[in-house]
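To keep things clear, I will list the structure first and then write my remarks on it.
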Amino acid sequence: MWIKELELKHYRNYDHLLASFSSGLNVFIGNNAQGKTNFLEAIYFLSLTRSHRTRADKELIHFDHSTVSLTGKIQRISGTVDLEINLSDKGRVTKINALKQAKLSDYIGTMMVVLFAPEDLQLVKGAPSLRRKFIDIDLGQIKPVYLSELSHYNHVLKQRNSYLKSAQQIDAAFLAVLDEQLASYGARVMEHRIDFINALEKEANTHHQAISNGLESLSLSYQSSVVFDKKTNIYQQFLHQLEKNHQKDFFRKNTSVGPHRDDLAFYINGMNANFASQGQHRSLILSLKMAEVSLMKALTGDNPILLLDDVMSELDNTRQTKLLETVIKENVQTFITTTSLDHLSQLPEGIRIFHVTKGTVQIDSDIH
């Protein structure tokens, strides 16, 4: 899939913008604080209905307006789709082909994106919540049912934690009802995650071996807070541990086990990647991003859109070449932001170059 056209109204420093793109590489050049990242954020927002930079929607609204409108014309294998998001102080409205979508799970996945931003380099050593978010964003696009089950899980988790914080003593019968619901939704969430990580590992290892010239292997491990011996009995084991932890959870005032506490570990040649070099970290993250692209294509039949936000300068010539070779080979529409073309070691023919200045975007020349 690829974005044919994007229109922004009152989005951050863009008062109004209408732009069309190449189905291949699109490069956005400009000094810092001109709007390059805002532009990629808008594409991300149109796809996932959320920003990767802020939780406060009001920050997305142009300073002298009260509403935001984003519309995009998306070319999918199945045909052209029009996406629209309208944002105001009353909330957000999402539409597909002018039809309002009642649930996020009905909207997300229509346009898939993979974002590679500087903060992704913290994925290995950062907080577990970053790695859970990484899994959730990809799975939500690939399997809309996952978003629904995760939403149900979080709703029951909130109920259980609220009860634990307010209860003066344990009501075992009431907790049993919540435990059953939490284990049911949580087991399905974990099953989806485990399947996803197993599939992602195969793709990521292939890319990592290519980047390292066969010298390194990459493996991934889903680290569950629920102890289980096989995937088929996660529900029973989860339920048992919830019941076993009633007293502990009551005193701590929160739920001590479940997918909300799970993690993801990375290993290079069998060694924990927390102890890898900076160069190995970059190769690992690059391998993951390329694996996300190839796995989405394998599981859905359509390519995602790749957003590279000021990361090319973080990669040496070898890693840049591997990345560009992959997106060209797989026909992935790619958006690259940079302060200078000097940061790009090799640019193939057939790219579209844009200049970004103070919330305006001008095409350099149609196709280079």
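Positions of Cβ are set from backbone N, Cα and C atoms, glycine also.
Since we're looking at a predicted model, the values are computed, not measured.
As annotated by Swiss-Prot, ATP binding site applies to G30, N31, N32, A33, Q34, G35, K36, T37.
Shown in sequence order, T339, T357 are the residues of the chain, 6+ apart in sequence, with a C-beta less than 8 angstroms from the C-beta of N31 (ATP binding site). Around the Cβ of G35 (ATP binding site), the same chain contributes R12, N13, Y14, V356, K358, G359, T360, V361, each under 8 angstroms and 6 or more positions distant in sequence. Under the three-state DSSP scheme, T37 (ATP binding site) falls in the helix class. Cβ contacts within 10 Å of K36 (ATP binding site), excluding its own Cβ and spanning all protein chains shown: 24.
Counting every protein chain shown, the number of other Cβ atoms lying within 10 Å of the Cβ of G30 (ATP binding site) is 21. The ATP site is set by G30, N31, N32, A33, Q34, G35, K36, T37; from the centre of their CB atoms, other residues of the chain with a CB within 8 Å are N38, T337, T339, V356. With respect to Cβ neighbours within 10 Å, the binding-site residues N32, Q34, T37 differ, and N32 shows the lowest count.
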